[in-house]
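Written out below as structure tokens is the structure these notes cover.
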Amino acid sequence: MAASIRASSGDSRGPQHSPRPKGRDAKDTLCRNVTIYGHCRYEDKGCAFNHDPAKLQGMPSQVDSLKRRLNVESPTFTPSSLANNGGFAKSTTISPKAASAAPFTPKGAAASIITPTINPEPVPAAPEWSVPDIPEFVPQSYDTMQMGDGKAVVNPYDPFVTSTTPIPEIAAATPHPAQINPYAPDVANMGGTAFFQAPATFTQPLQYHLYAPLGPHRENLLAYQRTAHDFFISDNLREELQRKSEASHQLLPNSTLPQLEHFHSLVPLDTTNQKSATIFGYPSWVYKANSSKDGNLYALRRLEGYRLTNEKAIRSVQAWKRVNNGNVVTLHDAFTTRVFGDSSLVFVTDYHPLSKTLAEHHFGSPQRFQGRVAAAHVPEQILWSYIVQIANALKAIHGTGLAARLLDPSKILLTSKNRIRLNACGVLDVVQFGSQVPIQDLQREDLAQLGRLLLCLASNNPAALHTMPKALEYISRSYSPTLKDCVFWLLDTSPNQPKDLDRLFNGLTSKFVAAYDNSLHFSDHLTSELNRELENARILRLMMKLNFINERPEFEHDRQWSETGDRYYLKLFRDYVFHQVDAQGNPAVDLAHVLACLNKLDAGIDEKISLISRDEQNCFIVSYKELKRGVEAAFQDLLKAGRRGP
Ligand SMILES: Nc1ncnc2c1ncn2[C@@H]1O[C@H](COP(=O)(O)OP(=O)(O)OP(=O)(O)O)[C@@H](O)[C@H]1O
């Protein structure tokens, strides 16, 4: 029996190539193809085995064995499982590969299998492809969990109870009792619940590397669903922009400030009334003003009490108009005026709402400049970002044949997060016109000023120049050697130290790359924010169309819009979107519903909605596709009528 099953399981497609005889008694061995198929195709083609069972008369044991194996009295074979390795009893046909396999004692259905007598006579050797005997896994849980009446026995599965006792089904499946799954349920103490575990279920240990998001969740959203917030720019960005917009629109009630020839609505931007003349040689004031020429906002810097002695001085501003750089506050114009009651020089620059100077940002209020050291340490990354931005500004300025001349913390504006711009550029060119300092020296001085600026910022002390050794020691201790070297190099004014912007750029290459990458990320972020508002613009346009169409007085007696007209459903759609009420008749104010409806209308999808007339007597089933068509047609009619005119 076992031999016949093994042979047939070897190939069910047809007679096998007769295996090559192994051993010298091939002629005395009945060909296996005869045993299986009744004949051998290779009988006359060189098969060395015996093809005539009659000739084997003298070998009773083999014939008997054959008869025993294949006669009508043979017991029915009932496979104990679907396992294709079979529930084989010990057989002489064991393959050489399986010779070392552990002896197998079938369980479960073993009682129905009759093990034939083992013939010690040689039988055809197992072919090469013969599968080794693998002990069959007989799931016992099902059997043991079945009561005599076929009802399931209760499985006392308790996830909090772990057992160290071997569990029958697992023990059967595991070669070593020691490999018991400690997370498997304890079936030894079966007791009273209705839970039935599927047969042969093998509980895996928990997957500790898989994490699920923890609740509580605001809503159960599907992948394609969005919250209302997803349709608007982030709160922080919106707030920042709105605050800037508010600052731009700020007016000074009862202002005593004069109106200039081309500027009105002046609002002072200085945070303090105390003005020193140390930077420009004149006290300076900054105002926000509206241009009556182009309606835009500008920042006006007024130098109080300045007398223009040379016409050419003010013309030096022309060169600054050509400097167009993201890290420089653009200078537009300069003029003198007497409207303030004195002789003033006014510079017109771009206005950057809510900007602060680096001095205000890092050193606090101007009173704090009296030598008090602020607590906050400026991170190195920020300092590198400043260096890169100032280097970029200087590149543009020097490239135009100019020098910044003023890299002071109070004259560098922080216009948004970590974004700085050199301010008050060109002022000294006018005020100190006629000084005979060569431009190359002024440009070299820019680098030294950058070094002094970094010294103040890094040591967090505006008066760091007076305590230079201490400040340098602080920088060496608190920042990387690269930054320290950069600051030392910039501060070194010895003539044998060649210094120019190109050398600075060479040292900053990797920092420029990092800054460029940051700005790309920021631009991605802004693009995605913009994208959200883009959706809103689309929805707004759709709403504008709907409002153009709905409730027009001239449609009041139009049959198309009456209850029998083909545009009546547009009216009802407006109620469906905006005027829904809940079960108690209270207004349902659901922004998400409005957005969903308008988005679907804009897309013109096939989804159908039911529109109910206000008297609840009529109901329309209409798709968004039809609605969209209706809206477009109505809007086009309006446009045509508008073009025709009255
Ligand atoms: N172009 C501008 N756009 C917007 N705000 C500006 C502009 N220029 C300057 N400001 C703001 O005006 C205020 C005064 O600037 P200012 O350059 O006078 O600095 P300060 O600290 O008052 O220095 P000083 O003592 O030399 O006058 C600062 O808060 C600054 O942010």
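Here the Cβ of each residue, glycine as well, is placed from N, Cα and C on the backbone.
What TrEMBL says about a protein is an automatic prediction, not a curated fact.
The range from 159-197, 276-314, 354-392, 510-548 that TrEMBL describes as coiled coil is residues 510-548. Once Cβ contacts within 10 Å are tallied over all protein chains shown, the binding-site residues TYR351, PRO353 are led by TYR351. Largest CA to CA distance in the ATP binding set (ARG301, ASP350, TYR351, HIS352, PRO353, LEU354, SER355, LYS356, THR357, SER410, LYS411): 17 Å, whole number. Counting same-chain residues at least six beyond the ends of the coiled coil (510-548), those with a Cβ under 8 angstroms from any Cβ of the stretch are 230-234, 237, 384-385, 387-389, 570, 574, 595, 598-599, 601-602, 631, 635, 638. The local packing around THR357 (ATP binding site), expressed as other Cβ atoms within 10 Å of its Cβ over all shown chains, amounts to 20. In the three-state DSSP scheme, LYS411 (ATP binding site) falls into the helix class. Note: the zinc finger (25-54) comprises 14 helix, 2 strand, 14 coil (DSSP; helix = H, G, I, strand = E, B). The residues of the region 'Knob domain' (549-646), classed with DSSP into helix (H, G, I), strand (E, B) and coil, number 52 helix, 12 strand, 34 coil.
Under the DSSP three-state reduction, TYR351 (ATP binding site) is assigned to coil, being neither helix nor strand.
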